[in-house]
Amino acid sequence: MQPKIMMKKKSVSASKASLVLFLCQMISALDVPLDLSQPPTITQQSPKDYIVDPRENIVIQCEAKGKPPPSFSWTRNGTHFDIDKDAQVTMKPNSGTLVINIMNGGKAEAYEGVYQCTARNERGAAISNNIVIRPSRSPLWTKERLEPNHVREGDSLVLHCRPPVGLPPPIIFWMDNAFQRLPQSERVSQGLNGDLYFSNVQPEDTREDYICYARFNHTQTIQQKQPISVKVFSMDSLNDTIAANLSDTDIYGAKPVTERQPVLLTPTGSTSTKVELRGNVLLLECIAAGLPTPVIRWIKEGGELPANRTFFENFKKTLKIIDVSEADSGNYKCIARNMLGSAHHVISVTVKAAPYWITAPRNLVLSPGEDGTLICRANGNPKPNISWLANGVPIAIAPEDPSRKVDGDTIIFSHVQERSSAVYQCNASNEYGYLLANAFVNVLAEPPRILTTTNKLYQVIADSPALLDCAYFGSPKPEIEWFKGVKGSILRGNEYIFHDNGTLEIPVAQKDSTGTYTCVARNELGKIQNEVHLEVKDPTMIIKQPEYKVIQRYGQVSFECIIKHDSTLLPTVIWLKDNDALPDDERFLVGKDNLTIMNVTDKDDGTYTCIVNTTLDSVSASAVLTVVARPNPPFDLELTGQLERSVELSWIPGDENNSPITNFVIEYEDGLHEPGVWHYQTEVPGTQTTVQLKLSPYVNYSFRVIAVNEIGRSQPSEPSEQYLTKSANPDENPSNVQGIGSEPDNLVITWESLKGFQSNGPGLQYKVSWRQKDVDDEWTSVIVANVSKYIVSGTPTFVPYEIKVQALNDLGYAPEPSEVIGHSGEDLPMVAPGNVQVHVINSTLAKVHWDPVPLKTVRGHLQGYKVYYWKVQSLSRRSRRHVEKKILTFRGNKTFGMLPGLEPYSSYKLNVRVVNGKGEGPASPDKVFKTPEGVPSSPSFLKITNPTLDSLTLEWGSPTHPNGILISYILKFQPINNTHELGPLVEIRIPANESSMILKNLNYSTRYKFYFNAQTSVGSGSQITEEAVTIMDEAMASRQVDIATQGWFIGLMCAVALLILILLIVCFIRRNKGGKYPVKEKEDAHADPEIQPMKEDDGTFGEYSDAEDHKPLKKGSRTPSDRTVKKEDSDDSLVDYGEGVNGQFNEDGSFIGQYSGKKEKEPAEGNESSEAPSPVNAMNSFV
């Protein structure tokens, strides 16, 4: 499905301007203003052929303009009509329109005739057409006696209407007594003359109320003909009637309805003629009799039927060509055809023409002494005669005028004077009609005048035409010039078009075309000018158009319509659906720039158009919404071609809901065996609506069809009619036949029963047969029903049997079944495997071997061997525990296997047993084997306690699984600095009987990482790791933290205090009053020396920095001689590694201490101040 997106644009200004231009050209630039003298001009008159309602007043129109206002007079049938002498006739004031009073006693028939109006003033006389007045007539049908029509079935029939002659002719239609139109078809139809034609009658045409009606529109009356009766006799009923009365006759005997080749009922003969006038509608008709009903076809001999103007009506019995011209003349052939032959008729069409204008005379406005011409040219078939009148009088007898000369269809005027003003009439006529035109010659001397409004504003859209009006009048005819701007130059060139009516056209207006334009009109009597203004606006555009959408039923869809427009124009946006207003439904939500449809339904499918209107232009864009859904279910299922084993199913697809149907699924129901259960039968492509279905005997079939498209599956169709197939022998035997004994002395025969529709008939049973294989026995058989198992008792243990199961029903047996091999019941094996051997591969893996048992002793299907093994004791601990046996199964006839997952240095036992379907045989004698030593598991724990300055105590537990005899423990350790870098690794071997040790000669305040594992003669086991920290010397920490106790610091502070005191005294003496001294700035400039950086080479620590700058003590750094540690460094170390028992921790395990990052110390209170807030105590209690 291809997307449909359309966009249209039109300019309102352009269309208006085109209309203005059209009107200007129609009325000419030299229309005389009504304030100037001018001859009469007829402005309104009644039609030439005027049919009036005889019950209403007759109004004959005649309106004219002129200066001075014209007077009016009438002629009737060529003579003067004195309206003053007829009280029923009046003339409207200031008008020539006649009103004939019929409603107050007048008779319309008395006023039939040909009327002509004359409008006259001092400058001439204009006349109207000849107006033929005729009252409409709707006469009654003449009384007639209508005989019933008795017609033989298959014959043709024409029921004549023959309506009364009315004016205008009536409209004919056929109805019954209930005022219902009689149905028409290719067989029965109404002709152009109103008759009802039957190509062949059928028994259903029998009725007594064929009524022809004639409707007269002018009088709004309907006349009714007497009902016509038609009785159709079928040949069978006619033969029965005659046979009852004339038993020996065979006049009608064995004569069926006779098929007949076509014969034309109308028109008659082989040829006819038809004359039609140019511009009218040509109607040609052919109605034929015949059985079967003929089909009509039309051709034009020697040419083609005109495209776009040809239509077929009345079931192609009528050929209609509109707006005919002389080129449509020729021979038209209708051909009526059925299977027995054809008939044809040729209609020769001639197109004539009433007169029509080529150049109608136009009014002339001349100034004294000017020349001019009146031209009157017309055509027709036959060619019309041209005659001239002057002021309503034939020009030959009209007063002479030396300034005029008649030359056929032209009057030439030379050096006219004011007395030359007159109205001339041109009459063009032939046998089919006439044309009459008035054209005046008005001699005036007038200076120019501009009729367009001053300072008129024109607004157009860019890139569209702009037409600026300058309607003018003057005599002689003025010359027109255009200027842009007040002092602009005259406009010339290809970018402008100057029309004769004074209009200036700018074919493609641009933004720079905006401005003031001046129109100047001048002739020899004067000059005048007028200004108009042009504004060029930006076009309105849809910059985001609605797009083609496909949506599922009940979904939501949105169309966008984003616009751009000139800022001075106010747009309005309208949404249409299928070129009509949106449904009045709350599901349609119109936003600023979109349309949203909620809960979409099938009826929302269509074309949506966004229309944007301004006062100057209009743009639109459309997009198609396709609503898709699962298809509707198929219907009208029909079964045909029923055979014993097949049937043809056909159906009509339901609506595909805009998503093509991909396939149809056919299901069936077996009403005999499984009523209400539907089964899959087959499926066919979506283009197929019939299928040949294979059937089974003895099934009461019903079928249903499901349509499938991309959206999903339809609801199932209504079931088809039921079809019960005949019974037959079964086609197939039970499947999955098996023979397996449940006991050592029986054979259980099982099978899958046939489904109901597989039985092929009533009385389904099974013949079960068996015999021992490889023994010369006869088949033993039994017939069973309604079961799928039979048990044969008294069989030897585990011997092979040949088995077969055959289906049968009341009509016979199924084909011979194939044989299967089964076995009688199994018993437990009799013998244990022998020669069991174990080969130990490593401490956790062993391989076991055994000899197979003889197959005869298995007494069943050999399934494999089972190895039972269990650990007796661990050789390293000599302790027994609960014995947990493990089992490994080795399928088939395998005679060895691997035993994984053994524990090292242990004693095991195992035995082997053979397995069949019944169970396990006896166990082989237990076999003992031992696994060698392996590497031990990791020590059960490692705990580090009692940290001192240079020692740590280590305690550990032996491995949970020593896997051998432990010979030693291996301890490895290495220091870790504050950047988590590891130092050199030290290894110590510890005797196996030890469980603790004190590790000495360690560095103080150092973190160590320990690696600990056990070792057997095989190798080292897995290790465990721990970390611990040695503590620091409290004296050294105190000296480092409490710097105020240092002598050099005390001396420095005394010197500073003395200096400050001297300065204060000097200031006091000089000022004789107290003053302020910026001590704070000096204090800021000389920070506490305790927190100043100290040189590394003198053994002191650097200043504490925050976490981003802090670097822990590197390996090899020198420590202070008094072995104290600065508080800040100590704190930081504890935050990283602290695990002391005296420390406090949050719930999440984080340390809570008085760690501080301040650079100004709190006031000290002796040595307590250096110890209380420090976590050193926590390190002293480290375990």
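For all residues, glycine too, the Cβ spot is worked out from N, Cα and C.
Now, the feature entries from TrEMBL:
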COMPBIAS  715-739  compositional bias 'Polar residues'
COMPBIAS  1078-1098  compositional bias 'Basic and acidic residues'
COMPBIAS  1120-1129  compositional bias 'Basic and acidic residues'
COMPBIAS  1167-1183  compositional bias 'Polar residues'
DOMAIN    40-128  domain 'Ig-like'
DOMAIN    135-229  domain 'Ig-like'
DOMAIN    262-352  domain 'Ig-like'
DOMAIN    355-442  domain 'Ig-like'
DOMAIN    448-535  domain 'Ig-like'
DOMAIN    539-626  domain 'Ig-like'
DOMAIN    633-728  domain 'Fibronectin type-III'
DOMAIN    733-827  domain 'Fibronectin type-III'
DOMAIN    832-934  domain 'Fibronectin type-III'
DOMAIN    938-1034  domain 'Fibronectin type-III'
REGION    715-740  region 'Disordered'
REGION    1078-1183  region 'Disordered'
SIGNAL    1-29  signal peptide
TRANSMEM  1048-1069  transmembrane segment
Query - Helix, strand and coil totals (DSSP H, G, I; E, B; other) for the domain 'Fibronectin type-III' (733-827) - result: 3 helix, 47 strand, 45 coil
Report summary line: Near the region 'Disordered' (715-740) in space but 6 or more residues beyond its ends, with Cβ under 8 Å, are 632-635, 637-639, 642, 644-645, 647, 649, 651, 667, 669, 671-672, 678, 695-706, 747-754, 758-762, 764, 766, 770, 788, 801, 803-815, 817, 820-825
Report summary line: Across the domain 'Fibronectin type-III' (633-728), DSSP labelling yields 0 helix, 53 strand, 43 coil
Report summary line: Counted with DSSP (H/G/I as helix, E/B as strand, rest coil), the domain 'Ig-like' (448-535) has 3 helix, 47 strand, 38 coil
Query raised in the report: Do you know the DSSP helix, strand and coil residue counts for the domain 'Ig-like' (539-626)?
Result: 3 helix, 48 strand, 37 coil
Report task. Pop the mean pLDDT for the domain 'Ig-like' (135-229) in here, whole number is fine. Result -> 92
